[in-house]
Amino acid sequence: MNNNLLIIAGPTAVGKSDLSVDLAKKLNGEIISVDSMQIYKYMDIGSAKISKEEMGGVPHYLIDFVDPSKEFSVAEFKDLATEKIKDIQSRGKLPILVGGTGLYINSIICNMNFAESDKDEEYREELEKIANEHGNEYLHEMLKDIDLESYNSIHFNNRKRVIRALETYKLTGKPFSSFKAKNSIYETPYNIYYYVLNMDRAKLYDRINKRVDIMFEKGLLEEVKNLKAMGLTDDMQSMKGIGYKEVLYYLDGKISLEQCIEMIKQGSRNYAKRQLTWFRKDPRAIFIDKDTFASEEDISSKIINDIINS
């Protein structure tokens, strides 16, 4: 059994889904989504979830399976994805990771080891209180002396991750960063083919803006109203995603519809920028500038030739 793993990554709205379905059909592959928002049920429009029609008969996994009221960790994702990769490979097919959540991708290809089993709810509540009273930056500074690597790699506004890092140190006496890959971060159990799609920034931003407009045309407001009626609130993990938190602000009368739309567009553009920064840090990633190819077919052919000739 070969241990090949194809990855099609890239920023939001760059066009990963269409290419990956085409590749799956040509390479006898099955797709595992690596998108931290498409995991949730009932959240189709705001997450730009691929439709059954767009899947084109290609099996897709780890989409639409988590209740949005529940917490879901990277460690849980890694375990599920790893099992699915084994299953796909055991049937003689090629697993293809598709998405833009860099941490999800790294959890798999770097075989990251998460210390997720132990939790200290009382300490978490204490840290939440500190953050609420003094701010996220104050909480983030607490990491500096005990885990400089996590301090430098975790953004101060990622409160959940900062708290997890502080909690891990309290429980284990070891830095949270030490629970990542045991050896080099670039060592992987797979034979990977890692591609990152990109395009001219102005074109990408235009695609992002148009995608947001289409989301509203498709009924994003109604989708969030339904989620709100189900009891979902802005402090839940799922509702912190771009597109959902802003619509909640609008529905709560905190901002106008115009402000809501512009905030989603700006947030999505900023997210795309962060995604590209993340992918550029990995020397294994091969960037594909879509503007230099005449067609999607040419991109597909290039990737297939790389795999065949490797």
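In case you wondered, yes, glycine gets a Cβ from its N, Cα and C as well.
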Annotated region 'Interaction with substrate tRNA' segment (source Swiss-Prot; candidates 35-38, 267-270, 295-298):
35-38
Length of the line joining the Cα atoms of Gly10 (ATP binding site) and Arg124 (site 'Interaction with substrate tRNA'), in Å:
33
State the count of C-beta atoms found within 10 angstroms of the C-beta of Val14 (ATP binding site), not counting that atom itself.
24
Same-chain residues near the region 'Interaction with substrate tRNA' (35-38), Cβ under 8 Å, at least 6 residues beyond its ends:
46-50, 63-64, 77, 99-101, 103-104, 238, 241
Cβ-centroid neighbourhood (8 Å) of the substrate site, Thr12, Ala13, Val14, Gly15, Lys16, Ser17 excluded:
Gly10, Pro11, Gly100, Leu197, Arg207
Whole-number Å distance between the CA of Pro11 (ATP binding site) and the CA of Thr101 (site 'Interaction with substrate tRNA')?
9
Between the Cα atoms of Gly15 (ATP binding site) and Thr101 (site 'Interaction with substrate tRNA'), what distance do you get, rounded to the nearest Å?
15
